[in-house]
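Undergrad: Swiss-Prot lists these features:
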| type | residues | note |
| --- | --- | --- |
| BINDING | D16, Q20, S21, M22, K23, S111, D283 | substrate binding site |
| BINDING | T305, G456, A457, S458, A459, N460 | ATP binding site |
Amino acid sequence: MADLSLPPDSLFLGFDSSTQSMKATVLDSNLNIIKTELVHFDSDLPQYKTKDGVYRDTTVNGRIVSPTLMWVEAFDLILQKLSNANFDFAKVIAVSGSGQQHGSVYWSKGSSEVLRSLDSKRSLKEQLENAFSVKESPIWMDSSTTLQCKEIENAVGGAMELSKITGSRAYERFTGPQIRKLFMTQGEVYKSTERISLVSSFMASLLVGDYACIDETDAAGMNLMDIEKRCWSKAALEATATGLEEKLGKLAPAYATAGSISQYFVQRFGFEKNCVVVQWSGDNPNSLAGLTLSTPGDLAISLGTSDTVFGITKELQPSLEGHVLPNPVDPESYMVMLVYKNASLTREEIRDRCAEGSWDVFNKYLQQTQPLNNGKLGFYYTENEILPPLPVGSHRYILENFSGESLEGVKEQEVGEFDPPSEVRALIEGQFLSKRAHTERFGMPSPPLRIIATGGASANENILSLISAIFGCDVYTVQRPDSASLGAALRAAHGWLCNKKGSFVPISNLYEGKLETTSLNCKLKVKAGDANIASTYGLLMKKRMEIENKLVEKLGHF
């Protein structure tokens, strides 16, 4: 094992370019966090006038974008913050990162030359102002490409066929439909685009000073890659746009090296020239790595701007909901993923409206209301939802004759409003009943062996208690809620090790036998409660899914 150890005194730097912020996490050779940094887009870069890191276009239904240059300037700023704190970049031997999934960046012709000849005396932002053919990047919250989704699915033989090829049916936020929209509506702009990157490969390109490959895991969120063969799918490419393969470049495994760090960073910040840049990947795959999720039967729930449920499987099973991606740290398995758009921002909206803008009041309401909420069920969508595919709106129901023992004779009555405490519980119960129902439908284990919760809301023990009650299992948390940038730093160490050995090394070799002494250790937060409660929640879940299916039939936007 000696040749698989990390050099003492070496550091591993992980970034997370997410929807609302950019984070940096530094791990030492014992895999302990020694430094973190944060740039919050709205407050640290107010000149871009974003709200929650995005622009919501009121003139085009569902169009949600972020200014590409803001991400560049955020990178300038986070590196400057590390430098101002006297961080020793020379000790960093590998860098990797995480990008919000599906978002795309469009480089104009000649930009590769600009990347290769960056002047270390000037900021990245100054030098890349004219590098993009599209100034505003479509992101995962965008739902303006329903037409393109249908066109792509029809071209390959239907939704299930596309899911078999790429791991997912067509989703509006996926990169393929977004590229098709550009191709169909702004053909000249598409033609003038030299390279199309994902947020992850875009950030890696800045670091290596040239176009970086898209990694195979993040590529599975594009509706363009053959998930079994790990190469671009000819059928999917042809269904999307002409001349696309050339604009996408090559694919690479997530654990591969993208290249050595560019001279720009060596001269400007003092990185060592041999520092390797490991392929960046998506935020959820990085969270999977950061949570050391490696056992089929474990589930992770990431609670952030989006909520995501993910797990691991050895089998490739296509489905019409959810997604299958290559596991970023194990070429022999897959990660399965369900994504919900109405997450922390929806929780905050109800906190502000019903709980005096206070989490303390919100939590008090959760504590003083009964499990099952006396049969009150709510559906709350402040954005067009992905799963289920429902438009903005709220729907509230009271179940009549619900004893908790069976659904016989139980009818739902739609109502206009709930009292504030019931509204708070209906939101949280509803969000997690929905997650349990969809994970079961997707073939994930029920009950799970355990759930690992991460993301901002995982710090809320009242929410964790409800998750435990609804799913009927123990709930663990990690020491820090920012598992994506932690996972990126861990993947930097893993990629460095694979590069040193010249072949794939299991990531568990990094922490086997010493997980408890690292920043990766999970802690038990809530023990599984009464199995009868979980079983009664199962009944409530079935009723909720009946109502959900009716809503989708009546209102479904896809």
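Glycine is treated like the rest: Cβ placed from N, Cα and C.
Set these features in their place in the structure for me.
TA: Counted within 10 Å of its Cβ, the other Cβ atoms near S111 (substrate binding site) come to 21, all protein chains included.
For N460 (ATP binding site), the count of additional Cβ atoms within 10 Å of its Cβ stands at 18 [all protein chains shown].
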Undergrad: In the same chain, outside T305, G456, A457, S458, A459, N460, whose C-beta lies within 8 angstroms of the Cβ mean position for the ATP site?
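TA: So the extra residues in range turn out to be L303, G304, S344, G455, I463, P481.
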Undergrad: For a quick check of packing: other C-beta atoms within 10 Å of the C-beta of D283 (substrate binding site), how many?
TA: 30
Undergrad: Going by Cα-Cα distance, which of the binding-site residues (Q20, K23, S111) sits nearest to T305 (ATP binding site)?
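TA: With Cα distances computed to T305 (ATP binding site), the winner among Q20, K23, S111 is Q20.
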Undergrad: Within 10 Å of the Cβ of A459 (ATP binding site), how many other Cβ atoms are there?
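TA: Here the count is 16.
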Undergrad: Only counting partners 6 or more residues apart, tell me which same-chain residues put their Cβ under 8 Å from the Cβ of D16 (substrate binding site).
TA: M22, K23, A24, T25, G97, S98, G99, D283, N286, D482, A484, S485, A488
Undergrad: Which number gives the other C-beta atoms within 10 angstroms of the C-beta of K23 (substrate binding site), all protein chains shown included?
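TA: Excluding its own Cβ, the number within 10 Å is 22.
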Undergrad: Fill in the CA-CA distance, S458 (ATP binding site) to S111 (substrate binding site), as an integer in Å.
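TA: Cα of S458 (ATP binding site) to Cα of S111 (substrate binding site) measures 41 Å after rounding.
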Undergrad: Let me know the DSSP-derived helix, strand or coil state of A457 (ATP binding site), please.
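TA: In the DSSP reduction, A457 (ATP binding site) maps to helix.
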